[in-house]
Amino acid sequence: MPDNLSLHLSGSSKRLNSRQLMESSNETFAPNNVDLEKEYKSSQSNITTEVYEASSFEEKVSSEKPQYSSFWKKIYYEYVVVDKSILGVSILDSFMYNQDLKPVEKERRVWSWYNYCYFWLAECFNINTWQIAATGLQLGLNWWQCWITIWIGYGFVGAFVVLASRVGSAYHLSFPISSRASFGIFFSLWPVINRVVMAIVWYSVQAYIAATPVSLMLKSIFGKDLQDKIPDHFGSPNATTYEFMCFFIFWAASLPFLLVPPHKIRHLFTVKAVLVPFASFGFLIWAIRRAHGRIALGSLTDVQPHGSAFSWAFLRSLMGCMANFSTMVINAPDFSRFSKNPNSALWSQLVCIPFLFSITCLIGILVTAAGYEIYGINYWSPLDVLEKFLQTTYNKGTRAGVFLISFVFAVAQLGTNISANSLSCGTDMSAIFPKFINIKRGSLFCAAMALCICPWNLMATSSKFTMALSAYAIFLSSIAGVVCSDYFVVRRGYIKLTHIYSHQKGSFYMYGNRFGINWRALAAYLCGVAPCLPGFIAEVGAPAIKVSDGAMKLYYLSYWVGYGLSFSSYTALCYFFPVPGCPVNNIIKDKGWFQRWANVDDFEEEWKDTIERDDLVDDNISVYEHEHEKTFI
């Protein structure tokens, strides 16, 4: 056997499998007679035997208990490092990949279309959605005008979610990885860090809001004056010992659910989806019955705006729905990557989001109107209505009803916190420190930080804080616009997976510079954010800050402005300054759609082969060479 075909069990970093050996042997031997052909077949048999023996030896070595030179090294390798498969690679290579960042293999792609229906049925039942109609009603719209804006707003939301989901459905990628295609390998950390910060803050705020249904459950069991029976030694002017106890109960009860793998968390949403209809319609029927069948819909608004005032009230109500959903649009690939087929996350989301959220908002409107008929006050929060029920009629039936509905609200907040905050934070943290943090650790980090930032102080400081959280949609919409333009217009659905996990020279997504920055994405992002900044500052800043009416109106349209400007400016920049790895020469005139259903079950082997190469320049010769035979969709 020639030397170049011998298999040596040495410390070489190059890996050689049987297929590569046989390909090498095909180049070395060119049998042109019977004797040479016999020798060739004999050599192939020897190769196979040696490869088998090598494999057996490696399995035996790997099964032996590893030896560490010190106790601290054992701690480091056994408990600090989360992905042992990337121990032998460089620091930069380990940043590219871990088990939570890799494309989702077939075994974990278990979400069918009905799982997405259950997911959104579960998501629509939360405290924020019940109150979303208050924006339009307080601006002067009547109930049916407000409901129309909700249908339209969530219709747009459904479309944006479906667009953002597509890259996850086809290539099985999470947002931190898919954003590398548009922002660049390393500059993609900017939107990722944005999501981490917002996820932690929102997790903390949502957990603090969930303290109220926990409080209602406790009062249903131990008495409506329970908060007066617990001495206040907390030492904070913004929260009592009782309030912190309720917050901590919810926070601690959430921790086990943070350890559930993302592809299995669908079971939580299935359970939640079963409970939600009973709680929603049960609450509505109960409220109407207590109001003796009367609903004071006319009490929901005082004045009716006309002309341009009505138009802007209509638009602001519509935009409130979209801003409320800005985080979930960005998060869409984190869930769509688990879909069984490309269409599992398509029609189910496009139809369910506007339908389910609009029904929930209508129930919220009717419960508020029934509450006014009973108490003469518009309680926009459903929890305030339940609190009033408990305080005015403390009997067995009321206690049981309040407990059950509050329990569903608490479960709803748990599901929302996982889907919108902890899971996205865990996924993003695993992209920042893939060697040391996986989704479970990232989710627990999110929960720990949520406790540390003391949300009761944030919520008590000013209503400006909650405004700032909602207004942050101007930054998220600009990210979503860039990602959408890059995938659908510039790349026409084409992603080269080996390149998106590589920082080597020639990787499409390094954009020709060692910093992995796509300057077009940065410029487009700033174009989307800049027009809305003056209005944002005026809305969340000091009362003395004044801006023009035009600046405020741009801010009211922030989601459309941010998304539209970033989308169009990125498309224009890529037209004049083409990006690498684009399957068409002219992104405006050329036609074609190059998305494919990626087979990624053996992707780890492909990735390891890729990082052993000095560069990927040869891959730039043809976009289609290795994947043209795959099925395009």
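Heads up, residue numbers simply count up from 1 along the chain you see.
For all residues, glycine too, the Cβ spot is worked out from N, Cα and C.
Annotated in Swiss-Prot:
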type     : residues : note
TRANSMEM : 143-163  : transmembrane segment
TRANSMEM : 173-193  : transmembrane segment
TRANSMEM : 197-217  : transmembrane segment
TRANSMEM : 242-262  : transmembrane segment
TRANSMEM : 268-288  : transmembrane segment
TRANSMEM : 310-330  : transmembrane segment
TRANSMEM : 350-370  : transmembrane segment
TRANSMEM : 400-420  : transmembrane segment
TRANSMEM : 442-462  : transmembrane segment
TRANSMEM : 465-485  : transmembrane segment
TRANSMEM : 521-541  : transmembrane segment
TRANSMEM : 559-579  : transmembrane segment
Original post:
At an 8 Å Cβ cut-off, counting only pairs 6 or more apart in sequence, do the transmembrane segment (350-370) and the transmembrane segment (197-217) clear the bar of 3 or more pairs?
Top reply: no
Subject >> Highest-contact recorded stretch vs the transmembrane segment (521-541), from 143-163, 173-193, 197-217, 268-288, 400-420, CB pairs under 8 Å >> reply: 173-193
**OP:** Flag the pair the transmembrane segment (143-163) / the transmembrane segment (310-330) as in contact if three or more Cβ pairs fall under 8 Å (sequence separation 6 or more).
**Re:** yes
Subject >> Within-chain partners of the transmembrane segment (197-217) [C-beta distance under 8 Å, separation at least 6 from its ends] >> reply: 127, 226-227, 242-243, 246-247, 249-251, 254, 327, 383, 386-387, 390, 402-403, 406-407, 409-410, 413-414, 416-417, 420-422, 424-425, 428, 446-447, 449-451, 453, 455-456, 458-459, 466, 469, 472, 476
Subject >> Of 173-193, 310-330, 400-420, 465-485, whichever stretch has the most CB pairs under 8 A to the transmembrane segment (268-288) >> reply: 400-420
